[in-house]
Each structure stands twice: as C-alpha cells, then as structure tokens.
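A.B. asks: Here you go, one structure.
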C-alpha cells in the first residue's frame, strides 16, 4: 500500500499527472534523452510492478529490485519496430515481454486481469470501475483484449511520453464513449472512480461532493465556447496554458 504522502497526490482525483519539476516552458527546449526504466518509475507504475513481479528472483522484493536482464529469453515479434514505436530500450522491452508472457501466457490481457491488478495495489478501496475505464483506454480497437504491443506502447506514453502525448492519452481516458468529446458526466465518472479506488484512507479526508466540485472547476476552464463538451483542442490548449491545472492534475503518477 502506498505511503500517505504518495496517496495525498492523487487524493483530489487528479489524473493529468506530474509533468516533472521542470517548468513547461523550459522543457520544450530540452532535447529528449531516453532514460532507463528506473526503480523510481517502477515504484510509481502498478502495471509495470505487476509484470516484473513474476520475473523477480524467488524470495526477493520485486519492488526494490532493478530489472533482471541477464536471463531474458523471450523476445516479442517485431522487437525493432516496437523499439522504434516506444521509448523503451531493447533490454527493457525484452524484460517487460518476459513478465507479460509469464503473467499472460495467451499473449493477451483481459479486463478481469486489470481489475485484479488494481484490487491488489489499492486494497483500501474499490478499484473495479477505474480498472474498467483504464482497460478501455488501453484497448484501442475495443475488442476486449490487449496485446503486448498495445500495452507497451501505452506504457511508453504514460511513463516517458511528451507533455502533448500524455495529455492526448488522458483525453482518450476521459472520453469514455470515444466520440471525440468529453462531457461533464464522463469527467465526473472518471473522478469518482479514482476516489472510490483510493478509499477512505486518503489524506486529507475527502468530502463526498469533492469530485463534483473538482469537475465543475476544471470544466469551466476547459469548455471555452460553453457548448457543454470539451474537444481535444480545448483540452490540450487549456491544460498547457493553465499552470493551476497542470500542477493539480497529477498525470497518472499514482494511479497507473
């Protein structure tokens, strides 16, 4: 279970994450460098921790270990293509694939698996609805199953994508019915699912009407033409220009 300090970050229903401590204006001019899949990143991402737990040596604490790469035998088809599509190294992809195949021998992840993962990492609340929404965001073609390729491309965006890529992924999550617009009801459904998942152990204690207030505040800023829906253009422009939104919406740091 996460320490109280980490839980606090996500306790306001935040979803659009920690874009780093570097101000956005300064980040744009920096040439991106490929980082390794660090222990810090592993500790933040439930999905990666879940995958790597099956490849850790017996008796070890998988969350504290670095990637074990020396015994990698599995290799996904089209590894070079995946490396070009993602911001993972070849060894990282091999290790992620090894764990993925250990956990999902069929090569597919279904929604029930997502629910089990998040129930494990958030036992103090009910993660069922959030896991459902997150699964649908990964399941790009809507066929009820996620291939390794789709899974790792999504993880690459969430863990190492640019600000723009992460915001586009977040828009897709909020757009529950995939019609190209976010309604107030959709945003509220996502927010409530995070509150439900975080449970009663958030700090400070949350009021029951907090998700609705959170959504109302964001929607007023995002719905620039006041037509009752938020487009991808409105979403991207508002998020990138409003420092308060950027600082308060923690991009999946504690809920992915």
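Placed from the backbone N, Cα and C atoms, the Cβ positions cover glycine too.
The region 'Disordered' feature in TrEMBL is assigned to 1-20. Here TrEMBL flags 126-161, 162-197, 210-245 as domain 'EF-hand'.
Situate these features within the shown structure.
C.D. replies: Over the domain 'EF-hand' (126-161), the average per-residue pLDDT in this prediction is 93.
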A.B. asks: Run through the domain 'EF-hand' (210-245) and tell me, per DSSP, how many residues are helix, strand and coil.
C.D. replies: 26 helix, 3 strand, 7 coil
A.B. asks: The domain 'EF-hand' (210-245): which same-chain residues, six or more beyond its ends, come within Cβ distance under 8 Å?
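C.D. replies: Here the qualifying positions are 12-13, 16, 24, 163-164, 167-168, 171, 174, 180-184, 187-188, 191-192, 195.
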